[in-house]
Amino acid sequence: MEAVPEKKKKVATVPGTLKKKVPAGPKTLKKKVPAVPETLKKKRRNFAELKVKRLRKKFALKTLRKARRKLIYEKAKHYHKEYRQMYRTEIRMARMARKAGNFYVPAEPKLAFVIRIRGINGVSPKVRKVLQLLRLRQIFNGTFVKLNKASINMLRIVEPYIAWGYPNLKSVNELIYKRGYGKINKKRIALTDNSLIARSLGKFGIICMEDLIHEIYTVGKRFKEANNFLWPFKLSSPRGGMKKKTTHFVEGGDAGNREDQINRLIRRMN
């Protein structure tokens, strides 16, 4: 037999009485977790700002480099014109003097290039000191010297130990471009970039290699700073060797003043 389900008993309510409502507990609001965390948003924002700053800086540097390249080109062009004008003036003056039946005497040279050709074993302290002042501490070291009364007297003191003369534009150009090293933070640094020169000599208006060559060759107002910036040139032993180091050049040796013939020696040693 099937079981008969029991019927629920109805509870009779007395009229006038109300059912008591059970108070509901406090509602808990669920926090929505953002799809992207705030820290990640902040990182992205900072990265975007940094990227914009980098791009602006890169663009500014590119513009500056472009302007500097243009300035260097204009300077090189101007210097080339100036050198040609100097050369043509010399030729014209010599022709005019020859035409008038006179002799043209060129201006006294302002620049000398000095090369040490001998050691200093057994020499006097005075000679040793002068060689140190000329920054000729090793054999076949070379430096540019501004010619005046004091420097000529110094060269006479150490004349048996040096070969010197008056370099032309080609020699100055080749020496600085091929053997040029700068003194940067008391270190010998190869001049491979104009920015190295601009960093050290920019305050004197020398920002590129052409400025440096022009200042040295013309013995300008900032010759001292430009020459001190250049590390003494380390030249090679001359091709074909030396004739006689202990004898003066006018007697068939190598020492002393050889005037314009120093350019031939520079070609052999550079």
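Glycine is no exception: its Cβ is also placed from the backbone N, Cα and C atoms.
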Record (Swiss-Prot) lists N6-succinyllysine for one of K62, K99, K149, K203, namely K149
Limited to the repeat '2' (19-29), I'd like the whole-number average of pLDDT. 56
Whole-number Å distance separating the Cα atoms of K149 (N6-succinyllysine) and T39 (phosphothreonine) is 74
Identify, among the modified residues K146, K149, the residue whose Cβ has the fewest other Cβ atoms within 10 Å in this structure. K149
Quick note, T39 (phosphothreonine) and K146 (N6-acetyllysine): C-alpha atoms separated, nearest Å, by 66
